[in-house]
Structures are given as C-alpha cells and as structure tokens.
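Working notes, structure below.
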Amino acid sequence: MKMTSMKEENESLLKNDDSSADEKDEETSIRPLRKWLLWKNIKFFVIPVELSAFFYLFTIYFQMQFYQQYFYQRIMKQEILDFNNISNEQDDWYFENDSTCLNQDAITNMSSQATFLKGQKEVNHLNMISTLISLSLSVVTSLFLIPYSDVYGRKPFIAIVFVGQAAATVVSIFIVYFKLNMYYFCLTSAINGISGGFGVILSSAAAYVTDITPPRWLTIRMAIVSSMIFVGGAAGSPAADKWIDANGCDFHPMVWLILASFLCGLLYTVILLPESLSKDIKSKNHQTSRNGFRSLVQGIKIFTSLSYVDASTLIKLWIINAIIVLVMTDETGGVQIISYFLHNKPLEWGYTLIGNYLAVSSVAHILVLFIILPLMVLAKISDPIIMSVGIVFVLVGDLCIATFVSKTWEMFLVGIIISMEALISPSIKSYITRLVKKEDLGATFSVVAALQLIGTIIATVVFNEIYTPETTESVNSLSHSPRLVYWVSAALWGAGLILSLVLVFFRKKKIVSREKEVTKEPIQ
C-alpha cells in the first residue's frame, strides 16, 4: 500500500510539474504578445509613418502633373497669342475663358510648326531650371537636416518638408491667379529644396521604421515604405490628369487642392504621428550630433582607400557607382519627358489616358516589388543577376519605344515591361550591404545618395535638352524625333547591363575558385 501511495504521489508531483511548466511556457509565449499589444508599441502600427509618406508622395505626383501641364498649356497659349498679335487682355476670350486644353495639332493650326517647337523648347527649359534649383538646394539641406534627426527626432524633419511644400504652393496660387511671370516658379522650387523635399522625407521615414522595427521584419517594413512611391504615383498621377481633363485645363482649383493635401499631411504628422525616438536615445545621441558630416567623409574613404576594403571589393564598388548613376539618369529622364511624349505626336493622348497609363505603370511596379522580387530572392538568385534581369527588360522596352511603338495598347504593354526596373534599386542596395562592413553602411549610403542626385541632375539637363516633339522633319531626321530620347536611354541601359554582367562574372569566378579550394583539400 505504501508503494502504491508513493507511486501515486510521485505521479501527482510530476503532473503538477508538467502543468506548471506548461503554464510557464504559455505565460512566456503570451508575454511578448502582451508587450506588443501595449499602446506604446502598437501605436506605431495604428498610426504609421507610411501614411505621412503617402500624403507627401500622392501630393507630389499630383503636383508634378500640375507643373508640367501648366507650363505646357500656358507657354503654348502665350506663343499662339504672340504669333497672332493678340494682346494678353484678349486671351480669355481667345481661349474660351482660359479653359481650353491644347494639343499639338491645335497649337500648330492656331500658329505654326515653328511656334510649337519654340514653345516646347521653353517648356523644357523652365522644367529643367526649376528642377535643378530644387535638387541642388535639396542635397545641401539634406546634409544639414538628416544627421540631426538622431538628436531631435524624426517627426520635426518630416513636418519641415510639409511646411516647405505648403509655403511653395501658396506662391504657386499667386502665380496662377495673377498670371505672374512663369519663372517665379523657380521661387517655389527654391522653397521646396530648402525644406528638404523628397530626399529628407524618405530618409526620415526609413530611419523612423528602423527605430521601431525588429531586425527580422525590417526588410519587409522598408519595402512597404518604398512602395509608397509607387502607391502615391498610382493614385496621384491619374487623379491630376483626370482633374485637368474634367476642368478643361483650368488650373485654379488644382492649386487649392494641392495646398489642402499638404496641410492634411502636416496635421497628421504633427498631431497624430508618434515620435519613434525616446527622450533617452535623443539625449544619448546629442553628443554625436555632428557625426553626419564625418560619416560622409568616411563614406568617401571607403570608395577611395584600400585600407578599408580589398582591391576586388573596391572595383565592385566603383562598378556599382557607375550603375547607380546610369540607372538614376535613365529613370529620372523617363519621368521628366514621359508626359510630353505621350501628349504630343505620335500618340497624342489626352490627360485622362496619360493618368491611366501612369497608374497602370505604378501598379505594375508594386507587383514586381512584392511578387517577382521575393520569388527571385526565395529562388536564391544573386543580386547581380536580379539587377541584370531588370535592366534587360527596361532596355527592351526603350528599344520598342525608340523603333515602332505608335498605338495605345503597344505603349501600355511596353510600360508594363519597363516596370521590371523595380528590381534594380533593391538589388543594388542589397549587393552593397554584402561588400562593406555593417558599421560602414551609413557612410556608404551617404555616398550612394550623392551619386543618385548626380544622376538626377544629369537626367534633368540631358533629357530636357534632347527631347523634341515629332514634326514633318522627323520623318528623315532622328535628331528631330521624339524617339531620340529613348535611343539615348537604351544606350545608357546597355552600358549598365554590361557593368552588371561584369559583377555576375566576378561572382561566378569567386564560386569557381572556392570549388577548386575545396577539391584541393585532403580527404580526412
């Protein structure tokens, strides 16, 4: 009986131990969930920084279409008035109360082919000057602002961008309503650049999600932030173009809508968006608040000194540098002239169709980013090969436009093909992280950002200067053809493809050398 009772007592103790262990395991598994459900953690997902980025990018794409088409319509109308010796006081009557959308045929019918070409050249020039002013000031401002977000937090610098954009829009309202000189738009570009613009808000958003996201999920969260570029484009571009068509190129309501959208983004950021950096971290970072400039110097040394990387890595980094400049030149150049190319001959699309095309293109970019790229990564395809695949598709698309595309369905199909360019940027950044030390990544990406800006500036100058609308001279002269832009673009993509294949060769050579070393090892 004693043996039986002792056995039962032991079994009871074991059960109690098992149950207590289960309870501990359950408590351990619940604890992270409870921690995650605390408001101080969940608030970053309920009130995400991605929404601030969306407000900004949606409005920027909307505003971009406004600027390009306002430049085009107003300059062309002025050229027609000058050609017909009509005073500015009569222009409302001449253009049906200033609510007439002009295309290439209408412009040449009211004036001449030479007048149209002169107007398009002035449009390109104004677009180029205003963009260069914004970009040049933006890079200087970024170098000052971004390092100090570690000290003062991310929110203030996101808010500064919205304040600057709202102020620039107020200037635009005066230009549109009082028909001021078009070159006053250079003032709006200066305000945009001084407030930091595109670079500051994306860098601040990326730093924001890095502050709050575990390393395991950081890549996915970064992809979501990056996707806001295409989501904003998919929503903003067609909305602007349909608005222009629906209102007969009356731009007065548009500037108020742009201002309202920027103010909504500002209010969301200031009132609702939580700060990602705690007071303790900001206080700790205060002692190193000037490291942003030292970081830039460190980045330059990585690309120029063998004391930081070996010779093979240095060569790869410079190849990547060249690819970055080529890619940014091509991508920015395409954005600069695509609306003019679609609106003029040979396609002569209306603004609604242009907006639909840009929306389809943006959605295709998103699908590439969230479906095709992850599948290629899961298949363990190397970054140089992913990069090369993206470049090949864009190269084929540009060659199609340069040679034969003249129908609507052809252009939409080519636009989907070109969306494979979304593979290129993530694979470049991923490849760079494999070449340099983790502690040097910040310094390295500072240089990468500067190179991207160089590519953007080159594109702004070159593509606006090269683009010429189709005329009767285009039949026998490539130099007078709008397709020349895409021949130049294809040549640049071709150079980028050669360089990316060199990186593929480097990787293959490294794998072969490793296999030889393994075969030489003696069998134990």
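Note: Cβ is positioned from N, Cα and C throughout, glycine not excepted.
As recorded in TrEMBL, the features of this protein are as follows:
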type	residues	note
COMPBIAS	1-22	compositional bias 'Basic and acidic residues'
REGION	1-25	region 'Disordered'
TRANSMEM	44-64	transmembrane segment
TRANSMEM	126-145	transmembrane segment
TRANSMEM	157-176	transmembrane segment
TRANSMEM	182-206	transmembrane segment
TRANSMEM	218-235	transmembrane segment
TRANSMEM	255-274	transmembrane segment
TRANSMEM	317-342	transmembrane segment
TRANSMEM	354-378	transmembrane segment
TRANSMEM	385-405	transmembrane segment
TRANSMEM	411-432	transmembrane segment
TRANSMEM	444-464	transmembrane segment
TRANSMEM	484-506	transmembrane segment
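Recorded stretches compared: 218-235, 317-342, 354-378; the one with the most Cβ pairs under 8 Å to the transmembrane segment (444-464) is 317-342. Against the transmembrane segment (157-176), stretch 44-64 shows more Cβ pairs under 8 Å than any other of 44-64, 126-145, 385-405, 484-506. Using the rule of three or more Cβ pairs under 8 Å, pairs at least 6 apart in sequence, the transmembrane segment (385-405) is in contact with the transmembrane segment (484-506). Between the transmembrane segment (218-235) and the transmembrane segment (44-64) there are 3 or more Cβ pairs closer than 8 Å, counting only residues 6 or more apart in sequence, so the two stretches are in contact. With a threshold of 8 Å between CB atoms, the same-chain residues lying at least 6 positions outside the transmembrane segment (44-64) that come near it are 154, 158, 161-162, 165, 169, 198, 201-202, 205, 208-209, 212, 224-225, 228-229, 231-233, 235-237, 239-240, 254, 257-258, 261-262, 264-265, 268-269, 272-274, 276, 335, 358.
For the transmembrane segment (484-506), same-chain residues at least 6 beyond its ends with a Cβ under 8 Å from one of its own Cβ atoms are 312, 316, 319-320, 322-323, 326-327, 329-330, 333-334, 337, 341, 382, 384-385, 387-388, 391-392, 394-395, 398-399, 401-402, 431, 462-463, 466-468, 478. Recorded stretches compared: 126-145, 255-274, 411-432; the one with the most Cβ pairs under 8 Å to the transmembrane segment (317-342) is 411-432. Counting same-chain residues at least six beyond the ends of the transmembrane segment (255-274), those with a Cβ under 8 angstroms from any Cβ of the stretch are 43-44, 47, 49, 51-52, 55-56, 58-59, 62-63, 66, 155, 158-159, 162-163, 165-166, 169-170, 172-173, 176, 243.
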